[in-house]
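Below you'll find the structure, written out as structure tokens, and then a few comments.
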Amino acid sequence: MPKNTKVTQREHSNEPVTESVADLLSLEHPMDYKSSQMSMGLSPGSTAPVKALIPSPDPDAEDGRPAWNNKLEYILAQVGFSVGLGNVWRFPYLCQKNGGGAYLVPYFILLLLIGIPLFFLELAVGQRIRRGSIGVWNYVCPQLGGIGVSSLMVCGFVGLYYNVIIGWSIFYFFQSFQYPLPWAECPIQRNGSQAIVEPECEKSSATTYFWYRQTLNITSSIDDTGGLNWKMTLSLLVAWILVCLAVIKGIQSSGKVMYFSSLFPYVVLFCFLVRGLMLKGAVDGIAHMFTPKLEKMLEPQVWREAATQVFFALGLGFGGVIAFSSYNKRDNNCHFDATLVSIINFVTSILATLVVFAVLGFKANIMNEKCVVDNAEKILGFLNTGVLSKELIPPHINFSHLSAQDYTEMYGVIKTVKEDSFDQLGLDACVLEDELNKAVQGTGLAFIAFTEAMTHFPGSPFWSVMFFFMLINLGLGSMIGTMTGITTPILDAFKIRKEILCVACCIIAFLLGLLFVQRSGNYFVTMFDDYSAGLPLTVVVILENISVAWIYGTKRFMQDLEDMLGFRPYAFYYYMWRFVSPAVLVVLIISTVIEMAVSPAGYNAWVEAEGAERFHSYPPWALAMAYSLIVVAMLPLPLVFIVRHFNLISDGSNKLSVSYRKGMMKDISNLEEQDEQRFILSKKLSEAPSPMPAHRAYLGPGGTQEMTNTNYGTSTKTGYQNIGSPESEL
């Protein structure tokens with residue numbers, strides 16, 4: 001045995017010597033000299049291949065960690081998680097609001113600068129370390145282990161209200177199996193022999209009334225809870241049952257669900273696109289959508305909203321991406337996966353935008369025609385009563401076949417002649433562009449605007465069933481990723497049956513979700529959507545970026561990727577991770593904080609008497625609740641840093657995956673045997689070639705100048721912080 005080993009030191013010294021993994025292995029696996037170079041008849045200057053000395057079975061096969069059945073399941077899971085409701089009702093709104101086709105330019109640029117690099121980073125660390133979000137960041141940097149906890153808490157907050165939206169979709173799905181659709185017309189109230197239209201519906205619209213009154217039965221303010229809405233409570237229960245069944249067996253069950261939930265929305269989107277293009281006015285909607293307003297590209301707000309959308313579209317920071325990739329084999333090409341999923345996500349957003357504005361173009365034409373008919377009747381009344389002279393009407397205009405162009409011409413003449421008293425006539429311009437400019441997003445798009453458009457489709461119940469079934473599947477795919485981001489770190493840390501954990505999580509989430517199915521629940525959904533995820537997730541992702549690029553080291557990480565993938569990633573990623581992505585995220589955080597400080601904190605309340613929404617500021621208790629969501633989500637970051645900086649709790653660095661421990665033990669065992677052979681042959685270690693290909697010098701992004709590793713030491717002394725030890729490999 002070499003004289004400088006700690007085992008030999010312990011024999012000649014009474015002082016305590018800290019045992020390393022290598023020492024323990026040298027005791028458990030003594031050197032077999034029959035397989036040494038001397039016994040093999042090798043020349044003194046030659047070395048035997050390490051693989052010939054100790055066979056290395058596949059560590060993934062010995063891990064015991066569940067694995068995807070095939071690559072397709074994994075890709076569909078990542079696509080299902082990243083492609084969600086935001087692609088259907090958030091991206092089209094941002095595209096319309098921020099310059100149409102011009103918005104695609106900053107979005108695509110930021111997708112390249114922060115989207116794909118950070119998505120690749122999360123895939124790589126999850127696949128390499130084979131742990132959930134908590135285990136991954138405990139390993140990379142224990143003092144920043146709060147990243148995983150914050151990520152888990154944000155997943156919990158988002159999952160609570162996100163499943164409520166799935167519950168709404170389930171309610172509309174079952175309501176769609178009737179003709180005519182229940183939101184096609186306003187309900188009629190009968191007072192004896194007299195029938196009158198419901199006043200609240202008459203002041204708004206049939207679809208708006210059905211959403212606010214029949215579905216949510218909403219109160220007029222957040223202060224008035226109104227009690228539970230039992231229809232929504234049952235819908236939420238069904239939603240959580242579906243989610244529980246999908247994730248109860250882990251990836252073995254969710255992987256099968258993804259075959260349908262990830263692919264079916266594309267079938268529906270293509271069907272809607274084909275049907276939408278056949279509708280009158282669809283081309284007007286698409287043309288309006290993609291007509292670029294280049295001046296918008298110069299506005300900082302456009303770039304900020306594009307960065308935010310890129311950030312959330314890929315599901316960065318939630319932990320679902322890391323959890324899914326942790327079930328991959330360590331040699332899986334995660335670079336290809338990151339690029340593929342990002343492109344699919346972008347193309348899906350474009351496809352959804354085409355569908356939405358083809359249908360909204362059709363709806364705008366219908367609303368514009370209705371406006372023309374209503375105002376033409378007003379003009380006829382003014383002509384019959386003598387308020388307007390018949391000479392004002394151009395001779396070629398026929399009121400029985402009045403086109404939008406004819407009305408625009410007649411409107412212009414009347415406005416010019418009756419300039420002084422024109423406002424008293426109460427005529428509308430009925431401009432198609434104005435209808436197309438009415439931007440709607442979120443629930444307003446899915447449950448009001450799009451729903452109203454479908455009432456005019458031939459066979460409207462069929463299209464309504466398809467649409468809301470698509471929303472259910474989009475939401476279910478995202479919820480599976482969110483739940484996996486919650487359960488995987490817990491299963492990694494504690495020995496508990498996944499079935500018991502999943503059922504317990506779903507029951508607890510359902511009970512907490514009752515907050516959102518009160519009559520005022522929609523206001524809490526808005527609050528959680530605005531405050532629980534935005535800023536905390538941005539902070540989480542920038543800390544992920546910093547911990548890998550600056551604490552663990554970009555050079556080391558690039559080398560790890562080369563060892564894992566078999567090729568060196570492009571130097572592009574080196575500069576993105578180290579410089580560009582952190583800078584963009586810092587700007588995004590600053591702009592988000594400024595917007596929160598400048599914009600009034602409030603919500604849009606439904607006023608029953610007016611049949612319209614009005615902005616209300618949050619009362620003090622609600623404002624405190626909103627800001628507490630941010631504080632609670634980010635609280636683990638400083639807490640974990642403090643307790644680990646002062647060594648108050650274990651850093652958890654020894655809780656690595658089985659494959660990592662076995663891989664490190666094999667590497668160290670190989671190194672010990674090489675040292676034993678060189679000691680017997682009286683060779684200096686410096687003369688012998690290193691058996692550790694994972695520790696060769698990394699030549700940096702250009703590959704020309706050798707870069708040596710740097711020891712980023714902290715007060716917490718763990719194995720991964722020794723650059724020269726096998727544990728240092730991510």
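Glycine is no exception: its Cβ is also placed from the backbone N, Cα and C atoms.
All TrEMBL annotations are machine predictions without curation.
Taken from TrEMBL, the feature region 'Disordered' applies to 1-21, 688-730. Annotated transmembrane segment per TrEMBL: 74-92, 104-125, 146-174, 232-251, 263-286, 306-327, 339-360, 462-488, 500-519, 531-552, 572-594, 621-643, in sequence order. The Na(+) binding site annotation in TrEMBL covers G80, V83, N87, N345, L474, S478. Residues or ranges marked as compositional bias 'Polar residues' in TrEMBL: 705-730.
Counted as Cβ pairs under 8 Å, contacts with the transmembrane segment (572-594) are highest for 531-552 among 104-125, 462-488, 531-552. The list of residues near the transmembrane segment (462-488) in space but at least 6 beyond its ends in sequence, with Cβ under 8 angstroms from a Cβ of it, reads 77-85, 87-88, 131-133, 151-152, 155-156, 158-159, 162-163, 165-166, 169-170, 172-173, 176-177, 181, 242-243, 246-247, 250-251, 254, 257-258, 260-262, 264-265, 268-269, 271-272, 275, 315, 318-324, 326, 446, 450-451, 454, 498, 501-502, 505. Counted over every protein chain shown, other Cβ atoms within 10 Å are most numerous around S478 among the binding-site residues N345, S478. Other than G80, V83, N87, N345, L474, S478, the residues of this chain whose Cβ falls within 8 Å of the Cβ centroid of the Na(+) site are, in sequence order, V79, F81, S82, G84, L85, G86, S262, P265, T348, G477. Two recorded stretches are said to be in contact when at least 3 C-beta pairs lie under 8 angstroms, sequence spacing 6 or more; the transmembrane segment (306-327) and the transmembrane segment (263-286) fall short of this definition. Annotation: L474 carries the greatest number of neighbouring Cβ atoms among the binding-site residues V83, L474 [cut-off 10 Å, Cβ to Cβ]. For N87 (Na(+) binding site), the Cβ neighbour count at a 10 Å cut-off comes to 25, with all displayed protein chains included. The stretches the transmembrane segment (104-125) and the transmembrane segment (621-643) are not in mutual contact, being linked by fewer than three Cβ pairs under 8 Å (pairs 6 or more apart in sequence). Sequence-distant neighbours of G80 (Na(+) binding site): residues of the same chain at least 6 apart with a C-beta under 8 Å from its C-beta are M258, S261, S262, L476, G477, S478, I480, G481.
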